[in-house]
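Peer 1: Below is the structure I would like to discuss, written out as C-alpha cells.
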Amino acid sequence: MSVDLMTLQMSAVFALIVAALLLYATDKLPLELTSFSVICGLLVLFHFFPVYDEAGKAALSPMVLLAGFASPALLTVLALLVLGEGLSRTGVLDRVALLVHKAARGQLSAALAIALVVVALVSALLNNIPVVVIFVPIMQALAAQTGRPSSRYMIPLSYAAILGGMTTLIGSSTNLLVSNALADLGEEEFSFFSFTVPGLVVAGVGMIYVLFICPRILPDNAANSAQEGATGKQFKADISLEAGSPYVGMESVSGFFPGLKDVTLLAVQRDGKPIYPPFDDLRLKIGDTLSVAATRDQLRATVKDDVSALYPRLSGRAGEDDWLPNLGDGTQSMAEVMVKPDSWLIGRNLRQIGYRNMRHVVVIGLERRTRMQRLKIDEIPLEAGDILLVQGRRSDILALRGNKDVILMEWSAENLIQSHHATRASAIFLGVVGMAATGVLPTEIAALCGAALMVFSGALPLQGAIRALDSKVVFLIAAALALGVSMQETGGAAFLAQGMLAAVGDAEPTVVLGVFFLMVAVLANVLSTKATAVLFTPIGVGIAREIGVPVEAFAVAVVFAANCSFASPVGYQTNLLVMAPGGYRFVDFIKAGVPLMLICWLTFFLFAPWYYGL
C-alpha cells in the first residue's frame, strides 16, 4: 500500500469524524440519520479504497464495520435499558428514592446530592452501567419532588458514575484493559488500589463541579418539563376504602388525618352524606369514600399504586364490571384528556354519561382551573376545559385521539406501576448484578438473560420492553465503533500520538505527561473508552521508557484520560443511558463535559508530578 493511499484513507476518516461531530453538535439532522450516514460513508470509502492486513485480507470489510450492531456493548446497554424499565414499572426504584429522601431528612436538594455521591461510591466497586440504570428513575423521582426538571441531573448522574469508576481497578472495564495491556508489555499490572489515591483526588475535585456547577449549565428540557409539569395539576378524586385499606381505622388528630398529609382531604363521604373538615373525632371505616385533591403522583402514592381504589363505584348495571382495567396484565396506562368546547359531555356528570363512554377507559380524577367542588367526582357537571384523568389499556387511550368530545393530552400518558411484581423484578436485577460482579457470567450474558426474564416473568410486558429500546443508542454505538476501528486500522490514532511527541519535543516530563493526558482525553470522546485505552497504553509506556520516567504515571494517565469521555454521548455507555431520559442533544454533553474534562486534566497535571516524583 502506498503512503499516498494510506494518507487518503486516514484523511477521509478524519473528515468523517469532523463532519459527524459538527452534525451531532448542531442537531441539523436526526442523530440516527447522522450515525447511519457515517456508517454508509465508511462502507463506501473502504469498498473503493480497502485497507489490508498483514495476511492480505480486507481489515475494514463490511462485516467489521457493521459489527457494532451486534457488539456486546450495544446488546448490554439495550438489555440494561429493559431491566431498568422493569424496575421502574414495578416501583422498586421509588422505594430506593424514598430511602435516599429519608437519609436527607426531608431536604430534597440534599437528597439529590446524596444520591450523586452514593452513585460515585458504588461505582468504585460495581460496573457503572447497572448503577446508572438503577439511579436514572431515582433521580427522576427526586427531581420531580423538588419541582426541578430531571434534565438537570441525568448528565451529572453519568459523570458521578464515571468519576467513581476511576478510583479502583474494578471500577471500570477500561481500568482492567489498561492493566492487562501493561502485563502484555512486560510491566507490572495494577493492584486493586494502585491508583486509588490520585483517583480520589481527581474524582473529588470533579464531584464538586458535578454537584454545584454542572446542573446550572444543563438545559430545562422542554419535553421533560412538560411531562413533569403535568404532575403538578391538582385533580379531584374519590378514594374508596375497602377491606384491607391502610386508611381503615385511621383517626383524625386536631381536625386532620396524619396519614393523608400528601393530599388535601376535601370531604369524607359516608352513607351518602358528606362530612367536611375540620374532622373532629372521626374514625375512617370500610365503605367511606375520601374526596381528595392531589397531583397524579400524590394520588398514586396515597393509594399505594392500587389505582383500583380510585375507580368510581359503578351503578351495578349488567356488564359494567366486565371491562374494568386489569392491573395484572401490565398494560395499563394513565393519561389526561380535555373536554372540548363543543363536547356532548358538557353539563353532564360521569354518572349520567356512563363510565364506558370513552372507549373502555375509566375516569379516576378531574381537574378544573376555576374552583374545586366538594361533590363526588361522578356528581360534578363537566365543563369545557375540564381535565379528566383516565386509566385504561394504552391502545384504548391512544384511540381517544379520534374522539369528538375530548382531546388527548399526548405528553400526559404514562405507564402504571405494577407494584405486585416488585419482588420478582428486584430478584432478577440483583441476580444480574451478582452474576456479573462475581464473574459467574459475563455482563452481556447476564444482562440479556435478565431482560428476557423480566418479560417471561410478567414483570414487564413485551411492548414495554420494546418501547424501552432507544434507536439513538443503537446507531450511536454502531457508528462510534465503526469510526474507532477505522482510526486504528488506517493509522490515524498512531499519527496523532506521533504528532504530539513531535510537538512537545524535549519538554519536561511533566509537560509531556500533561499533553499526553489531554490528547487521550480528547480522543476518548471520539473513540470508545475501551478502544482508547487499548490503543494508547503501549504508546504511553513507550513514551515513559523513552524519557526515563516511571511507567505507572503514564499508565494511570491512560486510565483517567480514557475515562474522561464527558463531552460526548458516544464515548461512554453511561452517557448513552442518560441521553434519552434527559432528552439531551449532542451539544449538551459538550457544554457540560468539556469543563469537567479540563478540570480532571488540570487536577491530574498538578497532582501527578508530585505523587509520582517526576
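Each Cβ is built from the backbone N, Cα and C atoms, and glycine gets one as well.
TrEMBL does not curate its annotations; it predicts them automatically.
So TrEMBL says this about it:
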- 6-26: transmembrane segment (TRANSMEM)
- 33-52: transmembrane segment (TRANSMEM)
- 64-83: transmembrane segment (TRANSMEM)
- 104-122: transmembrane segment (TRANSMEM)
- 157-178: transmembrane segment (TRANSMEM)
- 190-212: transmembrane segment (TRANSMEM)
- 224-308: domain 'RCK C-terminal' (DOMAIN)
- 322-406: domain 'RCK C-terminal' (DOMAIN)
- 445-462: transmembrane segment (TRANSMEM)
- 474-497: transmembrane segment (TRANSMEM)
- 509-528: transmembrane segment (TRANSMEM)
- 549-572: transmembrane segment (TRANSMEM)
- 592-612: transmembrane segment (TRANSMEM)
Peer 1: Averaged across the domain 'RCK C-terminal' (224-308), what pLDDT does the model get? Just tell me the whole number, please.
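Peer 2: A mean pLDDT of 76 is what the predicted model shows over the domain 'RCK C-terminal' (224-308).
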Peer 1: Does the chain bring the transmembrane segment (509-528) near the transmembrane segment (592-612), so that three or more CB pairs sit under 8 Å (pairs 6 or more apart in sequence)?
Peer 2: yes
Peer 1: Please figure out which one of 33-52, 104-122, 157-178, 445-462, 592-612 racks up the most CB pairs under 8 Å against the transmembrane segment (474-497).
Peer 2: 33-52
Peer 1: Where DSSP helix means H, G or I and strand means E or B, what are the helix, strand and coil counts for the domain 'RCK C-terminal' (224-308)?
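Peer 2: Within the domain 'RCK C-terminal' (224-308) the tally stands at 19 helix, 28 strand, 38 coil.
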Peer 1: Could you tell me whether the transmembrane segment (33-52) and the transmembrane segment (190-212) have 3+ CB pairs under 8 A, leaving out pairs under 6 positions apart?
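Peer 2: Answer no, regions not in contact.
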Peer 1: Do the transmembrane segment (64-83) and the transmembrane segment (445-462) share at least 3 Cβ pairs under 8 Å, sequence separation 6 or more?
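Peer 2: Checked: the transmembrane segment (64-83) vs the transmembrane segment (445-462), in contact.
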Peer 1: May I ask for the residues of the chain that lie six or more residues beyond the transmembrane segment (33-52) and have a Cβ under 8 Å from a Cβ within it?
Peer 2: 1, 5, 8-9, 12-13, 16, 19-20, 23-24, 58-62, 65-66, 68, 475-476, 478-479, 482-483, 486, 489-490
Peer 1: Looking only at residues six or more beyond either end of the transmembrane segment (549-572), which have a C-beta under 8 A from one in the stretch?
Peer 2: 24, 128, 158-159, 162, 165-166, 172, 174-175, 178, 182, 187-188, 190, 194-195, 198-199, 202, 476-477, 479-480, 509, 513, 516-521, 524-530, 532-533, 536-537, 540-541, 543, 579, 584, 586, 589-590, 592-594, 596-597, 600-601, 604, 608, 612-614
Peer 1: Near the transmembrane segment (104-122), which residues from the same chain, at least 6 beyond its ends, have a CB less than 8 A from one of its CBs?
Peer 2: 131-132, 135, 138-139, 142-143, 145-146, 153, 156-157, 160-161, 163-164, 203, 207, 210-211
